[in-house]
Amino acid sequence: MLKLLLGDPNTRKLKRYQPIVEEINLLEEEVSILTDDELRNETHNLKSKVSLEINIKRQNEKLEEILPKAFAIVREASKRVLEMRHFDVQLIGGMVLHEGQIAEMKTGEGKTLVATLPCYLNALTGKGVHVVTVNDYLARRDAEWMGQVHRFLGLSVGLIQQDMSPAERKKNYACDITYATNSELGFDYLRDNMATEIEEVVQRKFNYCVIDEVDSILIDEARTPLIISGQIERPQEKYQKAAELALSLIKAKELSKDGIDPEGDYEVDEKQRSCILTDQGFAKCEESLKVNDLYDPQDPWAHYITNALKAKELFVKDVNYIIKKDEAVIVDEFTGRVMPGRRWSDGQHQAIEAKEGLKIQPETQTLASITYQNFFLLYPGLAGMTGTAKTEEVEFEKTYKLESTVVPTNQVRKRQDWADQVFKTEIGKWKAVANETAEIHRNGRPVLVGTTSVEKSELLSSLLFEQQIPHNLLNAKPENVEREAEIVAQAGRSGAVTIATNMAGRGTDIILGGNSDYMARLKLKETLMPLLVKPDNEHKPPIPQQRSSKAGGGFASKSESISNKNSKSSGASLFPCQLGEDTTRKLSLLSNELVKSWGERTLTILELDDRIATAAEKAPTEDKLIQSLRDALSDVKNEYEKVLVHEEENVRKAGGLHVIGTERHESRRVDNQLRGRAGRQGDLGSTRFFLSLEDNLLRIFGGDRVANLMNAFRVDEDMPIESGMLTRSLESAQKKVETYYYDIRKQVFEYDEVMNNQRKAVYNERLRVLKGSDLKKQVLGYGDRTMEEIVEAYINPDLPPEEWDIEQLISKVKEFIYLLNNLKSTDVSVLSVEELKNYLQEQLRIAYDLKEAQIEQFRPGLMREAERFFILQQIDNLWREHLQSMDSLRESVGLRGYGQKDPLIEYKNEGYDMFLEMMTNMRRNVIYSMFMFQPQSEKETKS
C-alpha cells in the first residue's frame with residue numbers, strides 16, 4: 001500500500017541523480033576539446049580546490065560540487081585510453097558509490113568501469129582510495145586495465161599482491177588509488193598493529209574504499225575472522241594416534257534424540273559441522289589410549305580426537321583442501337581458489353595432516369585477529385558493487401549501515417532461465433549434465449558449467465572425456481589456476497566447454513566469440529617466453545592448450561594438451577588463425593630487439609607479464625621498446641579480430657553462452673551470480689540447474705520431507721523429476737540455510753564488536769608509542785595510575801588514618817620503585833588520601849628523573865628506546881594472552897544459557913573486566929620494567 005502511495009523508493013532515488021547526469025552530459029563536449037595535457041592539468045586544478053578545504057565536512061561538500069566535472073573528465077579519459085564511454089546508467093552507479101552505498105549492477109554492465117568515477121573523485125583529496133577485489137588475479141587485472149585511466153589523468157596507481165615485500169607494500173599504499181584483495185588489506189592492518197618501529201607500518205589512515213563483489217566479501221567471508229598466529233609446540237604423536245583411533249571408530253547412522261545416544265561411537269552433525277563422541281565412543285577411546293579421562297588437564301585427549309573425527313568426516317580432500325607439494329592447502333569454499341599460507345586453527349589443520357600422512361606442522365596461537373565486518377567499518381567512506389545485493393539488503397543495512405540501490409541495465413536482458421531438472425541420484429544428475437553439455441557444444445554454442453568443488457569438476461571432466469568432448473578445466477589445482485586468463489579468454493568461443501569451480505566469484509566477463517585482446521597478449525607471451533624468461537621460471541604458466549581438431553570447436557582435453565606440450569604447433573590452434581607473414585616477421589624482429597635490450601632469459605614471468613600489460617595500455621610512453629611491443633600487440637589483435645568477429649556472429653545466431661549449474665548453493669544470491677554469466681549487456685544466453693536429491697543442500701537442510709520424497713519417487717536415476725512439492729522444499733531449504741548462516745554472521749559480529757572496542761583501544765595506544773611523541777609523559781601517566789591503584793588497594797578512606805596499613809603500602813611502592821628505598825611510613829602518616837596519592841606521584845617523578853639520568857649516561861636517547869620497547873613488549877604479550885582468555889570465555893559462556901543468562905551479556909561484562917585487568921597489568925609491568933632496567937656496556941655483554 002505504502003509503495004503505491006509513495007512510489008518505489010529505488011525509482012525515487014534514481015530520479016534524484018537524473019539532473020546531475022544531464023549536467024555531466026552537457027560538460028562532455030566542453031571536455032572533449034581539451035588536449036591530453038590539458039585534461040591532466042584539470043586533475044591538478046581539482047586537487048588544489050579540494051586540498052584547500054581542511055575541514056572534512058567542507059571537503060565533502062567541495063567533492064559534491066566538483067562531481068559533474070570530475071565524472072566528465074573520467075568519461076573522456078576512458079574514451080581516449082580504453083575506447084570505452086561510460087553510459088548514463090554507469091554515471092548513476094558512480095554517484096551511488098560516491099554516496100557510500102551499494103550499487104547493484106547486473107553482470108556485464110561494466111561495474112569495473114563504474115568504479116573509476118568515485119575512485120578518481122575521492123582520490124582528489126590526496127588521502128588515498130582502496131579498490132578491493134576477491135583475488136590477486138582480479139586486483140592485478142583491474143590495476144593494469146582501469147589503472148590506465150587514472151595514470152593517464154596524472155594519478156598514481158598501486159597494486160598489492162600476496163608475495164610483495166613490506167617496502168613495496170608501503171610504496172603502493174602511498175599511491176592515490178590502490179588495488180588489493182580483502183585479505184591482503186586485512187592482514188596488512190593486523191601486521192601494522194604488530195610493528196615495533198613506525199617505519200614498518202605500511203598502510204596510511206583509511207579514507208575511502210570501493211569493494212567489488214561486495215556480497216562475497218562482506219557476507220560470504222564474514223563468518224571467518226582474519227587471524228595472524230605464532231607457533232606453539234604440541235606433541236605431534238597425539239595427532240597421529242588420534243588419526244589412527246578415528247579410523248577404528250564407527251559413525252552413528254543418526255543423531256541423538258532426547259539425550260539418548262544413537263548406536264555407534266560418534267555422531268556427525270553436518271549442519272553444525274561438529275563431531276561428538278557417544279558414551280560408547282568415550283569408553284572405547286579411554287580403553288584404547290589406556291587413560292581414565294579424555295579431559296584430564298594433565299594429559300588431554302578429547303580435543304585431538306574431536307579434530308581427528310572432523311578431519312575424517314567433514315574435511316574432504318579435493319573439496320575443502322588439496323594436497324600440493326606434500327602440504328594440505330585450503331580451498332576457499334566461495335571462490336574455489338587455493339589459499340596458500342592459510343591454516344585452520346585449534347589443531348584442525350594438524351589433524352588433517354595426520355589423516356593424510358603428511359608432515360605435521362607446529363600448532364599456532366592467535367597473535368592478532370579481526371573480522372571483515374569490523375575491518376571495513378574502519379573506513380570513513382565505504383561503498384560496494386555487486387550483481388546481487390537486494391537479497392541481502394537487510395544485512396547490509398543492519399551490519400554495515402549501507403543502503404542498496406539497483407542501477408538499471410543499459411540494455412534489456414534477453415537471457416532465458418530454463419526450468420531446473422531434479423534427479424533422484426547424483427550419478428543420474430552428472431550423466432544428464434554431460435549429455436546436455438555435449439548437445440549444446442555440438443550446436444556450436446559455448447558452455448560454462450559451474451561446479452562446487454575440485455572433486456566434482458574432475459568427475460564431470462572424466463565424463464566429458466568419455467564422450468570425447470574437448471573442454472577446459474578451471475579449479476583450485478595449481479596447473480589450472482595458472483591458465484585462468486587464457487581459459488576465460490577462450491570461454492566464449494564457438495563450441496567451447498569450460499568447467500569452473502565456483503565461477504560465480506571470479507568477476508570476469510565471458511565475451512562471445514572470444515577475447516581478442518587477451519589472445520593477442522597470450523600470443524606475445526608464448527613467442528617471447530622462451531627467449532626472455534629465466535629457465536627456472538619457464539614452467540609457469542604452461543604453454544596454452546591447443547584447439548581440438550575434433551568436434552566443431554572447443555579445446556583439447558587435458559591428456560591431448562599434455563602430449564602436445566613440447567610440439568612446436570602446440571599453441572597455434574589455441575588462437576583463431578595463423579598470423580600473416582608480415583606480422584610473423586615483425587614479431588621475429590621485435591623478439592631479437594628485446595633480447596638485445598633486456599638480455600637473454602633474464603626476466604621472471606611476472607616481469608614479462610608487467611611489460612606486456614604496460615604495452616597493452618594506451619597511456620603515453622617514452623619507452624621505445626614498449627611502443628614497439630604495443631604496435632606488435634595491435635597487429636596481432638587486429639588479425640585475430642577479423643576471424644573472431646565471424647565467430648561472435650555464429651555464437652550469437654546459435655543462442656549465446658549456456659550456463660549449467662550443478663548444485664544449488666547455500667545462498668540464492670550465488671546461484672543468481674552464476675546465471676548472470678550468460679546474457680551480459682543484452683546478449684542472448686540461457687541457463688539451467690541440474691540437481692539431485694542427494695545434493696548436500698537438500699540432504700543437510702531439507703529435513704525428513706526430502707528423505708521421504710526420495711523413497712516416494714520410484715523412478716530411474718536418469719529420469720528428471722518435476723514436482724511442486726520438491727520445488728518448495730528446495731526453496732525452503734535455501735531459505736533455511738541463508739537464515740542459519742545470517743544468524744552465525746550476526747553472532748560473530750556481536751561477539752567481535754566486544755573485542756573491537758578493546759582492539760581499537762590497544763591499537764591506538766600502540767600507535768601513540770610507535771609515533772614516539774612524548775613517551776616519557778605516557779610512562780609517567782602509567783606511574784600516576786599505578787600509585788593511585790596502590791593507595792586505593794591499601795587505604796580504606798572510611799577507616800580512621802591510624803588503622804591504615806601504611807607499612808604494607810610503602811612496601812608495595814618499593815617493590816615497583818627500588819629507588820624509593822629511603823621512603824618511610826612516617827613521611828606519609830599525616831597525609832590524607834588525596835595528599836598521599838599526590839605525594840607518591842611526586843616521589844615517582846623524582847625517581848624517574850634520577851633513573852633517566854643514569855640511563856642516558858650510557859647512551860643519549862636510550863631511555864626513549866627503552867620506554868618504547870617495554871610498552872610494546874607488555875602490550876603485545878598481554879594482548880596475546882588476553883585473546884586466548886577471551887576465546888576461552890566465549891566457549892564457556894555458551895553454557896550459561898542453560899542458567900537463564902544471556903551469553904552475550906555475560907561475555908561483554910566479563911570481557912570488559914578482563915580488559916581493565918589487562919590494561920592495569922600493562923601499566924604496572926611497564927613501570928616495574930623501566931625501574932629495573934639496567935643497561936650493560938658492550939664489554940659487560942661480551943664478558
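Quick reminder: no glycine exception, Cβ is built from N, Cα and C everywhere.
Taken residue by residue with DSSP, THR112 (ATP binding site) is part of a helix. Here the Cβ of THR112 (ATP binding site) has 18 other Cβ atoms within 10 Å, regardless of which shown protein chain they belong to. The annotation ATP binding site is assigned in Swiss-Prot to GLN90, GLY108, GLU109, GLY110, LYS111, THR112, ASP509 on the grounds of sequence analysis.
Here Swiss-Prot flags 556-570 as compositional bias 'Low complexity'.
Residues annotated as region 'Disordered' in Swiss-Prot: 534-576.
The most densely surrounded of the binding-site residues GLU109, ASP509, judged by C-beta neighbours within 10 angstroms, is GLU109. In sequence order, GLU109, GLY110, LEU113, VAL114, LEU117, VAL407, ASN410 make up the list of same-chain residues 6 or more apart from GLN90 (ATP binding site) whose Cβ falls under 8 Å from its Cβ. If you draw a 10 Å sphere around the CB of LYS111 (ATP binding site), it holds 26 other CB atoms from the protein chains shown.
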